[in-house]
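Features reported for this protein in TrEMBL:
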type	residues	note
DOMAIN	B:14-123	domain 'Acyl-CoA dehydrogenase/oxidase N-terminal'
DOMAIN	B:129-227	domain 'Acyl-CoA oxidase/dehydrogenase middle'
BINDING	B:130-139, B:163-165, B:278-280, B:288-289, B:346-350, B:375-377	FAD binding site
DOMAIN	B:239-386	domain 'Acyl-CoA dehydrogenase/oxidase C-terminal'
ACT_SITE	B:Glu373	active site, proton acceptor
Amino acid sequence: MGSSTSLVPKSVTAAINAHGFGYFGCPHTFGQVGYRLKRTEQYIRVKPDNSSVVTDGVKHSMNPFCEIAVEEAVKLKEKKLIKEVVAVSCGPQQVQETIRTALAMGADRGIHVEVTGKDYETLGPLQVSKIMAALAKKEEAQLVILGKQAIDDDCNQTGQMTAALLDWPQGTFASELSLEGDKIKVVREIDGGLETIKINTPAVVTADLRLNTPRYATLPNIMKAKKKKIANVKPADLGVDITSRLEVLRVDEPPQRQAGMKVETVDDLVGKLKEAGMV
Amino acid sequence: TVILEILSLENKLTDQQKEFQQLARKFAREEIVPAAATYDRTGEYPVPIIKKAWELGLMNGHIPQEYGGMGLSIFDNCLITEELAYGCTGVQTAIEANSLGQMPVILAGSDAQKSKYLGRMTEEPLMCAYCVTEPGAGSDVSGIKTRAVKMGDEYVVNGQKMWITNGGKANWYFLLARSNPDPKCPAGKAFTGFIVEADTPGIQIGRKEMNMGQRCSDTRGITFEDVRIPKENVLITEGAGFKIAMGAFDNTRPPVAAGATGLAQRALDEATTYALERKTFGKVIAEHQAVSFLLAEMAMKVELARMAYQRSAWEVDQGRRNTYYASIAKAFAGDIANQVATDAVQVFGGNGFNSEYPVEKLMRDAKIYQIYEGTAQIQRLIIAREHLGRYKK
């Protein structure tokens, strides 16, 4: 996980999760700079000591839900409903690339919260939420928009925890967002369908898939983004203790898919399922 | 020291170059790749893709900033070109033809001409074309017969051009015509370069030609019948055309080589993925040496083609004459694109021959890289001349 996208209306902070996703059912259990498998590259593998997955040489890119969050923030600014978009990411030097992408998409400035080495490996949603909360207060943010979850660990916690730490209302799994005066109307995707809520600002919102389609950064905007500033901070500067309370005991690949078996009739199928103790 | 500079350059793209490359890569994989097979089948000009590429700034990269462009280096342009070509060289050629048409104006145009004809390309997604080849003269540019006769303040042009990429879509053409009818006049003085608005009366655009590959690219014959061109549209001066037309190539051959490299990379990727999935004789075919050796040689060729185009782009960006390197890059990349695409079909076996699999298109698309922008044979003439010239000094 590492970081989440948060947008702040007057000063919108978008924290970008440089996350990726692993194919082939590899479990992700901890915050990482995300990795994204390309079809033509290697599969995600678990390290021989079962401590984590191999990240060397795996391409990392912005978490897709964070892209959607950045896009939403930029759209709000284009509609002149918010003043500034700040993109935030936590992690080692490489996350600056991801912040630059957000700047090229239209964010005004970036904040790189430097977390490296072992600290980075154990950085989890709780720690990031503390960082986001501290930054949101410092920047006097009105709205924090994050991706709903990172696709490498699928934690789906940072947004909620950030709101709790700040004691702000939250609109999670947003598929639609509109500002109405000093309130925010959020249409949330829930199991039963869609739920519409209205929350006060300042608030935390997490972006779901259908919120928007992120734009490509155009070449001229990539060039302009070079002039935008990325500030550097450390968690300690924000008074945040990022010690983890979690210890990862083991990481395993999912079991190999076994061959199936064919049956002739539905009764046979039910019989086999009963034999296997499944019904 | 030159080697060290180049090696460090190739290993370390600047952050901005990486971002350009990533944008082009993302665009190619998400927008071009899914649509390429359909455009190849129908031959339809890929207007939506071109429009989107234009909006993202992936086109017209050579246009200087003073005229609304981004003034990218040839190297940066090549990075983008390779990525787009990976998606589909038909689409990429349509885009690249703009660069070829614009290059004479960028190199030789007056400020007024640049403002007018380059400026408009950055204001809307327009296409342009490089109008030199004729039915009777391709490699032998000095053999072109299209005539330009000065009459008062205009030139009247008559003749036939052929195989003009973007011929049916261009807003304007760079045209090369013979202005001095005396057969004894040397080539360096006998031709004039013009900028011609495509809607000038007398221009007849031929039918879209159905080609072997890069089928969505628009290639046509164009007839000029008493076409009047104002003298303001002459580049530099009467008789200066040949050098302008040829000088453009030092800047456009590196991107063409990059395009061929993109195609080869795509062929290599497709073949490799397939070889890791297809099983025969109890193992994936990539584990059979015959196949892995094929892939190894394909990889060698792709890497070397990339280094070749990067060198040629870098040389011209440093302000040096890069003809030798540009010809080497174009010749090599064109040749290996064909070899690698053919080998990719081979790796796919029977499936490779079939249109449901992506590699037969690559093989058809690759062929033109040994023909346009100077044939493989012309490149060898140039390389030999340049090479021998170094020894004679």
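Glycine too: its Cβ is placed from the backbone N, Cα and C atoms.
B:Phe348 (FAD binding site): 21 other CB atoms within 10 A of its CB, across all protein chains.
In the three-state DSSP scheme, B:Ala376 (FAD binding site) is classed as helix. With all protein chains in the displayed structure included, the most crowded Cβ environment within 10 Å among the recorded positions B:Glu134, B:Glu373 is that of B:Glu373. For B:Tyr130 (FAD binding site) paired with the residue listed as 'active site, proton acceptor', the C-alpha to C-alpha distance reads 11 Å. According to its DSSP assignment, B:Phe348 (FAD binding site) is helical. Cα-Cα distance from B:Gly138 (FAD binding site) to B:Glu373 (active site, proton acceptor): 10 Å (rounded to the nearest whole number). For B:Ala376 (FAD binding site), other Cβ atoms within 10 Å of its Cβ number 15. For B:Thr165 (FAD binding site), the count of additional Cβ atoms within 10 Å of its Cβ stands at 26 [all protein chains shown]. If you measure from the Cα atom of B:His288 (FAD binding site) to that of the residue listed as 'active site, proton acceptor', you get 38 Å.
A simple way to gauge crowding: the CB of B:Tyr130 (FAD binding site) has 27 other CB atoms within 10 angstroms, across all the protein chains here.
Among the listed binding-site residues, namely B:Gly138, B:His288, the Cβ with the most fellow Cβ atoms inside 10 Å is that of B:Gly138. Considering only the binding-site residues B:Glu134, B:Thr165, B:Phe348, B:Glu373 (active site, proton acceptor) has B:Thr165 as its nearest partner by CA-CA distance. B:Gly138 (FAD binding site) falls within neither a helix nor a strand when secondary structure is assigned with DSSP, and so counts as coil.
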